[in-house]
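Reproduced below are the annotations present in Swiss-Prot:
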BINDING   Gly170, Asp171, Arg172, Gln173, Thr174, Gly175, Lys176, Thr177  ATP binding site
SITE      Ser371  site 'Required for activity'
Amino acid sequence: MDIRAAEISAILKSQIANFGEEAAVSDVGQVLSVGDGIARIYGLDNVQAGEMVEFPKAGVKGMALNLERDNVGAVIFGQDQAIKEGDEVRRLGEIVDVPVGRGLLGRVVNPLGEPIDGKGPIVSTERRRVDVKAPGIIPRKSVHEPVQTGLKSIDTLIPVGRGQRELIIGDRQTGKTAVAIDTILNQKAANAGTDESAKLYCVYVAIGQKRSTVAQIVKTLEEHGALEYTIVVVASASEPAPLQYLAPFSGCAMGEWFRDNGLHGLIIYDDLSKQAVAYRQMSLLLRRPPGREAYPGDVFYLHSRLLERAAKLNEDNGSGSLTALPIIETQANDVSAYIPTNVISITDGQIFLETDLFYQGIRPAVNVGISVSRVGSSAQIKAMKQVAGAIKGELAQYREMAAFAKFGSDLDASTQKLLARGERLTELLKQPQYAPQAVEEQVCVIYAGTRGYLDNIPTSSVRRFESELLARLHSQHKDLLDNIRTKKALDKDLENTLKSVLDNFSATFA
């Protein structure tokens, strides 16, 4: 093999000429062990808690959660099959963040903010950290504007205000998601207008659900024209636990963008029980000490720091709001389990859905006796307060009397009247799915129920009475509905008009 000196010197000269003094320094570690979505890493001495790390060989990212003396425990945001012992791990020097802004509306994304709907890349210029501190006391204002769910039983008895956290709790298959989806659909009219203060942008976070279920929900939103003002964040049942844990925080960061820009957001977490289970799995695999029901000690903090980010801000901070509707699934109506009691104590009220009511055909299956809204009544519009004040007491009396009436003893006339009224009001509060009602329609219908217009018609005809009354109002008395909507109160003139409409209608109803 002949060695040409000229060639060698030319190569050396070019290498010397191209030699740069700058050197890239990166903090690198090695994988000690990996499995179940958790990696133990040696090295990375300067990594921060909650910092993103990268596994370049496998092309996935993770987050450092446990900083121990001799190793770092990291959760992996993706499949861990491609990661092997001894693989290189790099610090990214950043905390988990996601894209935010209007560009996400109408899109379906994963918890890292990457699109999964096949509609191309997300158009967004701004990114936000997923886990930030909730607003303090000074920037906040008390809840005073309503969130209209479009469901009579909720808007009349358990009203929700903008900036509130209202828990939806019940067993599986009791219609929890249906209540949340109807609330999104009911915002269509407000979001179609030009008044930004009336609009409510929605974020739906699906945690640990079947992909087919999520696809059906997205299809429903699309068919009803509601997807255009909604962001859907999905961590399905087949995703690793760290992504199911991250999804609510990602959705919240997207919703907070609306709140902090003087707009109004609504976020639905469906459901937080599955996030708690995912967090329990991660914590146990990271060898953190278990507590009650094997959940880690900070599972309360997990939910409180998430739900405290829903707030109504004052004028100095843009008057924006973020309303949260967390969903919790119970086992056999047991609301005294660990996670349900935690979330009940964090939220500003709860809507209880019961299996028994659901199978009796009372849908939405809201138990109005034990459901409460701690701050929503101050957000209710005056017209609704005027007509719904009586219904609460009457339904409470009806439930008490109905329990005694089971014994079959002879009932006096006043008790029979009370039972008859209660039956009709219960029937009146029933509502089919995907058929939310505008607040002015609800006011007219509830007025008819509480003022005795239904007392003389059979219970089976209540639904027909309602639909025909609304048809009459829309065809002949549109101005009455418009006035209730704009004035938000029933003054003497409006009440007299409504009375005469109802008198004429009930005289002809048969």
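Heads up, the Cβ atoms here are built off N, Cα and C, so glycines get one too.
Values in this document were obtained by computation on a predicted structure and should not be read as measured data.
What's the neighbourhood like for each of these?
If you take the C-beta of Asp171 (ATP binding site) and look for same-chain residues 6 or more apart in sequence within under 8 angstroms, you find Glu329, Thr330, Gln331, Ala332, Asn333, Leu353, Glu354, Thr355. According to DSSP, Asp171 (ATP binding site) is assigned to coil rather than to any helix or strand.
According to DSSP, Ser371 (site 'Required for activity') is assigned to coil rather than to any helix or strand.
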Using the Cβ center of Gly170, Asp171, Arg172, Gln173, Thr174, Gly175, Lys176, Thr177 as the ATP site position, which other residues in that chain lie within 8 Å, going by their Cβ?
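Near the ATP site, beyond Gly170, Asp171, Arg172, Gln173, Thr174, Gly175, Lys176, Thr177, sit Glu329, Leu353, Thr355, Phe358, Ala365.
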Which residues of the same chain, at least 6 positions away in sequence, have a Cβ lying under 8 Å from the Cβ of Gln173 (ATP binding site)?
Thr355, Phe358
For Lys176 (ATP binding site), what residues in its own chain, 6 or more apart in sequence, show a Cβ-Cβ distance under 8 Å?
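Within the chain, Lys176 (ATP binding site) has Cβ neighbours under 8 Å at Ile168, Ile169, Gly170, Asp270, Asp271, Ile327, Glu329, Leu353.
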Using all protein chains shown, find which of the recorded positions Thr174, Thr177, Ser371 scores highest when you count other CB atoms within 10 A of its CB.
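Its Cβ has the most other Cβ atoms within 10 Å: Thr174.
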Taking the Cα atoms as reference points, how far is Thr174 (ATP binding site) from Ser371 (site 'Required for activity') in Å?
15
